[in-house]
Amino acid sequence: MYFAAISAARGFLLLTLLLAWIAGNKASLLLFSSTEANLNRKARKLMTWAVVLTLSSAGVVGGIAWLMAITDSIFWRDRLLIPPLLIVPTVMIWTVSVPRLRKIRQATGRKTNSPLDLRLLVRASQPAIIAPYQFVALGALTGMYWTFTTTVPFDIWNGAIPLILLLIAGMALWLSHLNRSSRISLDGKAPANRPFMRLMRRLAVLVVAIALGSVPFYSALKASRLPETVSMAEGPMDNGSGMSLAHHNHSEAVTASAEPVKEISVDSLTGPAEGKPDVSYTLTAEKKTVKLASGRAVEAWTYNGQIPGPELRFKKGQLVEVKLANKDIEEGVTLHWHGLDVPNAEDGVAGATQNAVMPGETHTYRFVAEQVGSFWYHSHQDSREAVEKGLFGSLVVEPEEGMPADVKDITVMTHLWDNHGIAIGDNDGIQHIKIEPGTPVRLRLANTDDWIRQTYKLLGTTFQVAAIDGTELHEPGNLNKVSLDLITGGRYDVTFTMPDTPVTLNVGQGGKLGIVMSPDGNGELPKHAPNLPVFDPTHYGTPTSTPFDANSHFDREFTMVLDNQLGFFNGKLALNYTINGEVFPNTPMFMVREGELVKTTIVNRGAVDHPMHLHGHHMLVLSRNGEPVTGSPWWTDTLDTAPGEVYEVAFVADNPGLWMDHCHNLAHAASGMTMHLMYEGITSPYTVGTATSNHPE
Ligand code: C2O
Ligand code: CU
């Protein structure tokens, strides 16, 4: 609906621009009518054009009204600038142009074949007829500019400069028509109709406009180049406010803290430095050609020569030590524990919490796992490329006492290898697993792929979604015939008791990729997975108490507006994916203090989904599109916001540091859709930028 509404508004705007351009052109050529009859006909046609432009403009206004009817004002308040730009000139057409056209039609009512006399020439060339049509085109052009660049929060100059240019262009048009018209009355005859000269004149205007525009264009282009070195601990800040969807203003802005906060370096926020680890792993990053089950070879970047990397599995409370070595990945590597809220220095983000580990180097991570659940790890250096090529693996934290011995625990990581062919782990076909009836089964679904919203269909049994993003749900009910859609980075744990008959997990459209579980190890994957409704976590399970809820007092409130904007990124003109109107490194970081309760409203005004991932914290989802979450508390670390959606989430700032907050569609992150959460007083010795070896995305 949202997408349809914005598309309608944009489509009609483009249509209006084209039509008004044509109509304006026709109006300005009226005086070149060869005969009175010809002028009479052209005047009539222009009156028809008035109707056409009115309808098309009404389409734009209708699209915006539709948007207003179905969404919160944050989706359209800036777009309210557009209707007046179309309505005013349209009204001018009807009140100024049309009456004059009517007079011309009366004067030429006899439709003779005689050429226009001076009186008719002057009438046909008056600016009052021509300019209003052209003003519609100018208005539509300005509207188009705003549609692709206007940001929320609204930037006054982005609104004012096009308006000023619009006024100047409108005045220039009017004056040039006036000039031509008075020359006609002075000369007593029509000017020569020279289309070539007209074209040349227009080209000249275009060239001048481009020349004038190129100065700010190139300086903005240059300014957008990524800096050589920049510390993520410094830069523009957003201190939050009491800003909510109900009243958009910054009046309650939280000012910088009353008492200064002691400075702490990211480097000192490590896990336990002393003590013998309970579990230790060594992960060596290396390039390797790896074969999938089908025999297809993948030029991979691996941990320990395998794709995905080895599963890391340990128990809550254990001290874990992971030694990372880089054999030959020239781009550098790190290890980030996606969804596991470790101390900041162990978070593994190149340029934020450590330097990228270059070939021949090592880095050791030490932490105690405090959560139980399904997570994953991946490199956070050049992560778009690294994850795509295989630098990731499964990470499972079991309860202190371990998983019950009888549980069949199956990890399902779906990934697209080499840009074609999705696989579960390294198996790009159908797997068969023999499971005794009555066995409790836990499938740990994780979508590690970049673009895809992966669809999983579990057929042949009722089941529960036991956990989302590593957090158990409260009293999850039985599900049957629902599709589980996972966005990139997200995890669902699915549980069921093995029946006597086969159960199939179908990935994608069915028939090609999946798991057949059966008592005898046989069975078929259905050729076509049925169409099923999609699982909705907002009304699933039952409520239980949480440390805070939607009615709590929030110390900070932030708004995160996701959008597409025409702009500049790293020296290129691009349709950027923006957060609060900006791209990395210009997006203001969210500032918090330890202990605060923080609420964030995530709004997607763009055209595609954005699964936003906050490091180091789990967010409690409070509401979606104004509707509270009524089932089990839903904690997430990677939350997808679809176009037109608004989510309210909250978390406790209980893990000091510098924490990335980015779209986990890593291609979006790499093109600037990344920002961070920053605790006051935190400093970082690390830098990112073109002159450094740190490129976290
Ligand atoms: Cu899974 Cu910042 O990433
Ligand atoms: Cu995105």
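Just so you know, glycine gets a Cβ as well, placed from its N, Cα and C.
According to TrEMBL, the protein has these features:
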TRANSMEM  12-34  transmembrane segment
TRANSMEM  46-69  transmembrane segment
TRANSMEM  81-101  transmembrane segment
TRANSMEM  128-148  transmembrane segment
TRANSMEM  160-178  transmembrane segment
TRANSMEM  199-221  transmembrane segment
DOMAIN    286-401  domain 'Plastocyanin-like'
DOMAIN    575-678  domain 'Plastocyanin-like'
Subject >> Dominant neighbour of the transmembrane segment (12-34) in 46-69, 81-101, 128-148, 160-178, 199-221, by Cβ pairs under 8 Å >> reply: 128-148
**OP:** State, in range form, which of 46-69, 128-148, 199-221 has the highest count of Cβ pairs under 8 Å to the transmembrane segment (81-101).
**Re:** 128-148
Subject >> Long-range neighbours of the transmembrane segment (46-69), counting only residues six or more past its ends (CB under 8 A) >> reply: 2, 4-13, 15-16, 19-20, 22-23, 26-27, 30, 75-76, 79-80, 82-83, 86-87, 90, 93-94, 97-98, 101-102, 129, 133, 136, 140, 143
Original post:
How many helix, strand and coil residues does the domain 'Plastocyanin-like' (286-401) contain under DSSP?
Top reply: 10 helix, 56 strand, 50 coil
Original post:
By DSSP, what is the split of the domain 'Plastocyanin-like' (575-678) into helix, strand and coil residues?
Top reply: 5 helix, 55 strand, 44 coil
